[in-house]
Amino acid sequence: MTSMTATNAQPFTIVNVPEMRRVQRIHFVGIGGAGMAGIAEVLLNQGYQISGSDIAENANTERLRCLGATVVLGHMANNIEGASVVVVSSAIKADNAELVAAHQLRVPVVRRAEMLAELMRFRHGIAVAGTHGKTTTTSLVASIFAEAGRDPTFVIGGLLNSAGSNARLGNSKYLIAEADESDASFLHLQPMVAIVTNIEADHMDTYEGDFNKLLDTYVEFLHNLPFYGLAVMCVDDPVVSDLIPRLGRQTMTYGFSEAADVRAIDYKQTASESCFTILRKGLKPLDVCLNLPGKHNVLNALAAVAVATDEGINDEAIKSALNKFEGIGRRFQHYGNFAISDKDSNKEPGEVMLVDDYGHHPSEVAATIQAAREGWPERRLVMAFQPHRYSRTRDLYEDFVNVLSQVDVLLMLEVYSAGETPVSGADSRSLCRSIRQRGQIDPVYVATVDDMPEVLESVLAPGDLLLTQGAGNIGALAKRIATEVLSHES
């Protein structure tokens, strides 16, 4: 296990932002969100009074409460009384009672990314941007830096299993964080190092449906780097590669491509482990094994290795951190193998492998399917999928049809709206019809998450790999399946 408490960290005096001396209590509207909770935890550990509200309890709210934060359920105007500043995410609507009250009381209101930018202002910021892979890449950078004794502060969009949290206040100069392009709020950040993993059309409502506006915003983000900063770019992604001539900043590239400055060769996946050799200019080849499956995770690791190499971290720390990496919650999270008997035959009892994954964009789903196929080619792949947002389903409809047709058995939940109004023809029944017309598989529509365990009992057979996939409330399904459907671990 990579310890997140380093004993030989570089000397660094943690100071609160001097101009924030007037701030005593910081209130978070929607404190249970991963990004919000992470920043709240760092500020709490810096000595600020933290309060917050959300509409439901989750692991983040429970953890923050245990750490000393005041967390209440429900958004009410009186929740912000006594707050010096109110922090909101882009998910909070303008008519939110607490937001309205803050404006009436002239309490400063800042976006989540603005507060993250303040934390980064007096540190060596490493920001990870891109459509996919941000959480895993950020986690890998943090793990390598911790293994090397650099004791970083980090704010991650998922639970880093080795730390038991998605955030930590370190004692060094380093702050490692995700940079969120979904609402263009990453423009607030001014890091020393920026990683761009890939760029695809997603969250296009923010960019008025104009892909060029999305690209221009990425360039603007990278121009926030100082002239002595570093842009770490995935050369395997053609869109990212095409941006490099526009940057006017020092760059380091990574990928499987021969053109990459940090390159992977001789890749081989065995179950959940990916082994490969890293080539870097002027350095000896480095043979590593990453405790994550799939080529997409190799790319994430290469980005982390590029940053670590630039910071002078030794190869032994890099190799050790990748090998011991314990993963992130809901990123190809392996729940285990569970005993199951075949109810419809006289076959011997077998087992089902259960994996949960957060991926909800067609490219992410495709990468997860590929990793499952390469690691466990003999298993029948059963996917329980929940589309996320009607707008994404509408905009990427044919891509979803193509990728979801690649599994052996598909159980489809209704679209998780995330507050959006339903869009005609972009619902799960429509997706099922379109997939069925392809003639490859016959998807099963499942109305609610509560109905899924019963459906699975009738579908699963010994030897299956069950993959629960999506970003909505399907996230709680894997644990429930493990206890209600697959109760005996083998």
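Here, residue 1 is simply the first one shown, and the rest follow in order.
In case you wondered, yes, glycine gets a Cβ from its N, Cα and C as well.
These features come from Swiss-Prot:
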type: BINDING; residues: Gly130, Thr131, His132, Gly133, Lys134, Thr135, Thr136; note: ATP binding site
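Projection of Swiss-Prot feature records onto the structure.
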residue: Gly130; record: ATP binding site; Cβ contacts under 8 Å, 6 or more apart: Thr137, Glu181, Ile195, Val196, Thr197, Asn198, Ile199, Cys234, Val240
residue: Thr131; record: ATP binding site; Cβ contacts under 8 Å, 6 or more apart: Glu181, Thr197, Asn198, Ile199, Glu200, Asp202, His361, Ser363
residue: His132; record: ATP binding site; Cβ contacts under 8 Å, 6 or more apart: Thr197, Asn198, Glu200, His296, Gly359, His361, Ser363, Glu364, Ala367
residue: Gly133; record: ATP binding site; Cβ contacts under 8 Å, 6 or more apart: Thr197, Asn198, His296, Leu299, Asn300, Ala303
residue: Lys134; record: ATP binding site; Cβ contacts under 8 Å, 6 or more apart: Val128, Gly157, Glu178, Ala179, Thr197
residue: Thr135; record: ATP binding site; Cβ contacts under 8 Å, 6 or more apart: Ile156, Gly157, Gly158, Glu178, Ile328, Arg331, Tyr358
residue: Thr136; record: ATP binding site; Cβ contacts under 8 Å, 6 or more apart: Leu292, Asn297, Asn300, Ile328, Arg331
Centre the Cβ atoms of Gly130, Thr131, His132, Gly133, Lys134, Thr135, Thr136, go out 8 Å, and tell me which other residues of that chain have a Cβ in range of the ATP site. Val128, Thr137, Thr197, Asn198, Asn300
